[in-house]
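Enquirer: Quick one: the structure is below, and I'll ask about it shortly.
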């Protein structure tokens, strides 16, 4: 057996095992609502997509956005308003929310990419806070009350989303579409240039890439996908409130990604699942959730910066050569 | 009653005074952030929490030990500074040399722990804290009524700002600090204990935040959440000023505070976002900040 065919078989083996794993996960996701509480699962899926969208920036361009709640919560408001007040069909409402988030992303991104590193984080945080103040004051968001009682309606006028099962499968389909989009972006030539910027921005500039355009492009895509998650959340939970746009939400999505593994595709999903499960679990006790979130932050930063998925992959890699 | 642009003058002066007071806290906090960032290359997200801890330290000293405002003005910053030194020695130290974002995330986590814990123990509602009897009451300046404590806050914060600036620009310790900011390895080679200097700097920066907290306690109420919203505004102030210069941080802090006060008079709806708007404009025109250098 030549080296080449050996490589080929190992590659095709890897591909079959990945496909097999994917099929098992998909089957589990399809069966999940029969074993677990559907609202919990839908919440995990929405936040998982949100975290994946956030990870597109931190993991593949190296930009830490501290204001991603703007896109998540902004889209939730837009979707909720379109569906409740204008009577839009839910899917088009969600897509409108994602579009709105993308437009917000253009503004925020254009300002934020003018500085790097730590400043980028502070600017996105400040602009996010500004957006939260605006949401508090404009009439259509209804201030402290938020937009309540958003009807789930019928998907494309056909599928009744008021039943938990159809709602779950629609949420799953949106999550998978978003996840697939991120996978495509990361593994495209565009994604490779993003990674080059992450590794060495000056080098990417010297190679002739217009780094700012790539950064802005990635920022807008990330914002749009975060918006997709936020819009879906508004339909699932039937409300959009200030909680979704405040900095605590931006912090939560950072935690999910950090805990799961920055720069891994599956990490943010794992992180979102854990954080949501933990919040659900603690909701019954009187232990302050913020303290626990803070503790997890500190532990992650000090002890395992690669996150759960990152550490597992590192373990596998270390075992592989022997 | 006299008016300027249709605004009664007492209202205008009153808002300028409030602006100056807010500006004092922006200046004190962004000063501490700049000192810490200059040497440690860490954005101290816990700065707001340390400000809150300073206020709570003063409140608790009074409630449980009967220690009044004046001793607390010394004791509270020492307590906050000491706790910060523990944080630096046990945690922050491990992150030097890594991406500075990890320092931000660690201090963010610490801020959440402090705020969450204090909210759990004391509830979210503010606790009143009265100014010391020497500074109670007010004087009529003719054109406006000045509560004495507020005047004291403006003066005290100016003194602290100038003092810190002198400490860094004119003393031997400040010279070490500035030298280590430029090139830590070289300063270490000259026999200066740089790790100790880093610890001290973080303690000093946090103590400044704690001092600001004590000053703030009688003006705003003592509440677990008093720091978190303030720190985001201070971040915007820091982006506007650029973190290159200490003096720049001070001037920007007062300037934006007054601007915010004036906005409250002329267009109240925009007063909560005006600083962020200024930040956006500065980013468009001069991305490195008003007093910053391009890195």
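Here the Cβ of each residue, glycine as well, is placed from N, Cα and C on the backbone.
Here TrEMBL flags A:20-50, A:57-79, A:91-111, A:118-140, A:167-186, A:216-241, A:253-277, A:289-308 as transmembrane segment.
I would like each feature placed in context: is it buried or exposed, what are its neighbours, and how far apart are things?
Expert: Non-local neighbours of the transmembrane segment (A:20-50) in the same chain are 68, 72, 164-165, 167-169, 171-172, 174-175, 178-179, 225-226, 228-230, 232-233, 236-237, 252-253, 256, 268-269, 272-273, 275-277, 280; each lies 6+ residues outside the stretch with a CB under 8 Å from one of its CB atoms.
Within the chain carrying the transmembrane segment (A:91-111), a Cβ under 8 angstroms from the stretch's Cβ atoms is held by residues 67, 70-72, 74-80, 82-83, 123-124, 127-128, 131, 155-156, 170, 174, 215-216, 219-228, 230-232, 234-235, all 6 or more beyond its ends.
Distant neighbours of the transmembrane segment (A:167-186): 29-30, 33, 38, 41-42, 45-46, 48-49, 52-53, 55-56, 60, 91, 94, 152, 155, 159, 161, 194, 218, 221, 225, 228-229, 232, 235-236, 265, 269; these residues of the same chain sit at least 6 beyond its ends, with a Cβ under 8 Å from one of its Cβ atoms.
Tertiary proximity for the transmembrane segment (A:216-241) is limited to same-chain residues at least six positions away from its ends with a CB under 8 Å from its CB atoms, namely 39, 42-43, 45-47, 49-50, 52-54, 56-57, 60-61, 63, 65, 68, 70-81, 83, 90, 93-102, 104-106, 108-110, 112-113, 141, 145-152, 161, 167, 171, 174-175, 178, 181-182, 185, 190, 194.
Residues 248, 251-252, 255, 257-262, 264, 267, 270-271, 274-275, 278-279, 282-283, 314 of the same chain, all 6+ positions outside the transmembrane segment (A:289-308), place their C-beta atoms under 8 angstroms from a C-beta of that stretch.
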Enquirer: Could you tell me what the rest of the chain brings near the transmembrane segment (A:253-277), counting residues at least six beyond its ends with Cβ under 8 Å?
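Expert: That would be 40, 43-44, 47-48, 50-52, 54-55, 58-60, 64, 66, 68-69, 72, 179, 182-183, 186, 293, 296-297, 300-301, 305-311, 313.
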